[in-house]
Amino acid sequence: MLIDTHAHLTFPEFTADLPEIIARAKAAQLEAIINIALDNEAINQSFKLAEEYPGYLYTALGLHPHEASQWRDTDYQRFQQLATRHKIVALGEMGLDYHYKLSPLEQQKKVFRKFLQLAQEVDLPAVIHSRDAAQDTLDILREENQGKLRGVLHCFAGDMKLGQAALDMGLYISFTANITYPKADNLRQAVKSIPIDRLLIETDCPFLAPQIYRGSRNEPAYVIKVAEKIAEVKGLSYEEVALQTTANAKHLFQI
Ligand SMILES: [Zn+2]
Ligand SMILES: [Zn+2]
């Protein structure tokens, strides 16, 4: 049993063969997939997908920092209403991306704050994206956390100042298959230092295929490679990693 806690199944890379992808995920012992809808178009598609795969596909709703420019003043209320819909298990992804800077930084910060406020108001976990923005992410998390924040730092990039602060706030930390890349020693070091009961696994597919499939499309079934690498790095059995990360995901997303 495994759960891919972060997949983007509404991406065009998956339109041609999604049923096969879901079948392969089931064959790989995945018991659920959290589909992350990161813009308005993906949100609409994600509702349809969740209907097609009841009890298997769950939805997180948000605006990726790349899409922060899409935010409108009425969006707080709009997302508040959407969040009450069936099978919504999280808000996000939300956060800061200073690597590509596709939305103005001030807008990214504003929208991140709004989602953190809303997550606590509607009591859903926050799926947080932070790239080349560790310090601002940390400052905003500290300022906006009213003691009720639950969530996960997804696709963790290895900054342990942010990582430790997230752990201290009770957040989970999620790793993708980039921990299998030869140069990712800093990530493997982070895997080693974070307790297993605070770890989640994800693919972030279609991105970040594991090393053996690198350069091709990633998909939920490959989350097995993340669990294998965590087991190897931490000196645990694969079964232990699978059981514990699945229990962590169920606890956080209440599925
Ligand atoms: Zn992300
Ligand atoms: Zn993502």
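Heads up, the Cβ atoms here are built off N, Cα and C, so glycines get one too.
No curator has checked TrEMBL annotations; they are predicted automatically.
Keep in mind the model is a prediction, meaning the values are calculated, not measured.
Residues or ranges marked as divalent metal cation 1 binding site in TrEMBL: HIS6, HIS8, GLU93, ASP204. In the three-state DSSP scheme, HIS8 (divalent metal cation 1 binding site) is classed as coil.
The divalent metal cation 2 binding site feature in TrEMBL is assigned to HIS129, HIS154. Same-chain residues at least 6 positions away in sequence with a Cβ under 8 Å from that of HIS154 (divalent metal cation 2 binding site) are, in sequence order, THR5, HIS6, GLY92, GLU93, VAL127, ILE128, HIS129, SER174, LEU200, GLU202, ASP204.
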- request: Filter the candidate list HIS6, HIS8, GLU93, HIS129 of binding-site residues, keeping only entries whose CB is under 6 Å from an atom of ligand 1.
  value: GLU93, HIS129
- request: Quick one: of HIS6, HIS8, which of the binding-site residues has the smallest count of other CB atoms within 10 A?
  value: HIS8
Binding-site residues: GLU93, ASP204 - member with fewest neighbouring CB atoms within 10 Å: ASP204
